[in-house]
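As recorded in TrEMBL:
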- Asp16, Glu18, Asp212: Mg(2+) binding site (BINDING)
- Ser153, Ser154, Lys187: substrate binding site (BINDING)
Amino acid sequence: MGVLPVPAEVRAILLDIEGTTTPIAFVQETLFPYIKDNVKEYLRAHWEEEECQRDVGLLRKQAQEDSNLDGAVPIPLESGSGEEELERVIQAVVDNVHWQMSLDRKTTALKQLQGHMWRAAYATGHVKGEIFEDVVPAIRKWREAGMKVYIYSSGSVEAQKLLFGYSTEGDILELFDGHFDTKIGPKVESESYRRIAASIGCATNNILFLTDVPREANAAEEADTHVAVVVRPGNAGLTDDEKSYYSLISSFTELFLPSST
């Protein structure tokens, strides 16, 4: 793969997380299993809290919208008739969360509950965000060269900040100028990258987007954003066409900034 020169007009680098800054295995083998294994215990412990009730309310609303889908799990309302009924409602929420996760859904309701659960897990030291070792030194160099650095992930902004705030490299949130999640739009739609550029205050061709997902790279490219596809251990393989079409890097150190001459 070697060295990839960054186009001179690039002013900001936009980073995906899973498979780009962070091993896919961390998300698949640590973060998601933590939710599945602990959601019932978390709900029991926090049920009376306002935040938890808001999360359950959102999940219930989503369940109503999903009622026509195969295997959808409804979440009944509480009528306040004792422990047994409360357990039944909690179990319905657990089953709904497991069902959504089995389909790899990215609903706001699911992401919000996951974000709150991960917050508790990071704060208590049960989980630390894993970062590839080339990431932090490279970002520091980019920032020294005057680059702005942003995150764009399907995980909520809160979940992103937890991962980088409680990481294996310590609290590295200071390295980022801002965070975007799917509230700005799906990562596979070109309009999302136009919205990000407008939010940052630059043109789309002033941004270089690093991702491991060709569909995301394609959407960004359609918006006239520069892209490079990141090849990391554990990432999905690329087709021969994708390998020949996209600029590829296997480490952030392979990016060469004009200003670093």
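Backbone N, Cα and C define each Cβ position, glycine as well.
Shown on the structure are the features that TrEMBL records.
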| residue | record | Cβ neighbours (10 Å) |
| --- | --- | --- |
| Asp16 | Mg(2+) binding site | 22 |
| Glu18 | Mg(2+) binding site | 23 |
| Ser153 | substrate binding site | 23 |
| Ser154 | substrate binding site | 19 |
| Lys187 | substrate binding site | 23 |
| Asp212 | Mg(2+) binding site | 20 |
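What surrounds the substrate site, by Cβ distance within 8 Å of the Cβ centroid and not counting Ser153, Ser154, Lys187, is the set Asp16, Ile17, Glu18, Lys106, Tyr152, Gly155, Asp181, Thr182, Glu216 from the same chain. Between Asp16 (Mg(2+) binding site) and Ser153 (substrate binding site), the C-alpha separation comes to 5 Å. Largest CA to CA distance in the substrate binding set (Ser153, Ser154, Lys187): 8 Å, whole number.
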